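Listed features, source Swiss-Prot:
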TRANSMEM  3-23  transmembrane segment
TRANSMEM  38-58  transmembrane segment
TRANSMEM  67-87  transmembrane segment
BINDING   G77, T80  Na(+) binding site
TRANSMEM  102-122  transmembrane segment
Amino acid sequence: MNLVFLWAALGGAIGSSLRYFVGKMMPSKFLMFESFPLGTFSVNLIGCFIIGFMGHLAAKKVFGDDFGIFFVTGVLGGFTTFSSYGLDTLKLLQKSQYLEAISYVLGTNLLGLIGVAIGWFLAKNFVGVN
């Protein structure tokens, strides 16, 4: 029996549970904003960093395909929340919270890209996998 789907599902359950936990731990008031989806924002940035790190290791074949499916597809797929990101942005726009919406979109994308680059750099330079 092919366990690929089981690995992805198990990882997805873990990632989704972690996403829910992080989301519940974050306050809704953030910096100057009364309502900011900080939980989703944080999860996306953490996920971007981790996928950058793991992406480099996967490219260098540091771990097998089963672990990659479990962790990258499953755990990170369940953990990161770009679908929730779209919904959160729409809700901010619907409430006419334009500054929050723009800050959320720009912050998630710019800091997410930076997180991926830092994760990749650290995996490449400090884990010893070149």
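Note: Cβ is positioned from N, Cα and C throughout, glycine not excepted.
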Inset, instruction - Tally Cβ pairs under 8 Å between the transmembrane segment (102-122) and each listed stretch (3-23, 38-58, 67-87), then give the stretch with the top tally. - result: 38-58
Legend entry - Sequence-remote partners of the transmembrane segment (67-87) [C-beta within less than 8 Å, at least six residues beyond its ends]: 4, 7-19, 37, 40, 43-44, 46-48, 50-51, 54-55, 58, 104, 108
Legend entry - Long-range environment of the transmembrane segment (3-23) - Cβ separation under 8 angstroms, sequence gap at least 6: 39-40, 42-43, 46, 66, 69-71, 73-81
